[in-house]
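Presented below is the structure to which this report refers.
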Amino acid sequence: MTRQAIVAANWKMNGDSALVDTMVSGLADIELSSHVDVVICPSFPYLSELNQKIKAANLNEAIHVGSQNVSEHESGAYTGEVSTAMLQNLAINYVIVGHSERRSIFKETSTQVAKKVHAALNAGLTPILCIGESEAERATGETETVLSAQIQPVIDEIGIEKFKDVVIAYEPVWAIGTGKTASSAMAQETHQFIRKFLAQQNEQVADKVPLLYGGSVNAANCEELFAQTDIDGGLIGGASLKAEQFKIICSAAKGK
């Protein structure tokens, strides 16, 4: 079946107002089909600015703004956190949840990630759930076990039916920012496993979930990756900071 193709830019802790301007002007003439969503996720201080400039450039139908994180709590004494209501107030559509850097550096657990997915869905936001294994885990044949253990708590939290409103981004930890990329065949094999894992509980829902690949995706390898049956787009890191590269990657998703 035809699923929504998504190309999401994760700027991480990079960029400034100048990058916002460069990206909006660089994407001004982007041509996309209706089944491709482009999402740009800057750091929190630039969410509103990016949204306003996208609207001013009449790009708001083609490009959405997303957050790199969100709290699982509605409000309260959680210094430094940002709630779903705050993102709603800024007209944010997407939110990245459970990125490997959040899991490893900030010690977010799969249970906490599941609660963040739930909070995002309750607020009408589309969560981009990140999962992925380390190089050591792949070397010892644990990839499927690790991914299952990251997905199952979310199923337990929200139920499989609600996955029709969830995007999953598979990012092998060993490929993030390293220049290493899973081969297209390896990426497809893992994406196929993820879809089959979901299908064990609900095949119809599994067929609808967009699965993105992340991990050193660039203008040179995006077309081959996106040509794979179960890869519906990408979560892009370093290459998303360069407007010309990012435009090429977005255009490659048109073939999905």
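Cβ coordinates come from backbone N, Cα and C, glycine included.
When Swiss-Prot records Asn10, Trp11, Lys12, Gly177, Gly237, Gly238 as binding substrate, the matching candidate from Ser25, Ser216, Ser251 it lists for that site is Ser216.
Remark: Trp11 (substrate binding site) has Leu19, Ile40, Cys41, Pro42, Ser43, Gln68, Ser240, Leu241 as non-local neighbours, by Cβ distance under 8 Å and separation of at least 6 in sequence.
Across the fold, the C-alpha of Gly238 (substrate binding site) and the C-alpha of Glu171 (active site, proton acceptor) stand 14 Å from each other.
Recorded residues Glu171 (active site, proton acceptor) and His99 (active site, electrophile) have their alpha carbons 8 Å apart, per Cα-Cα distance.
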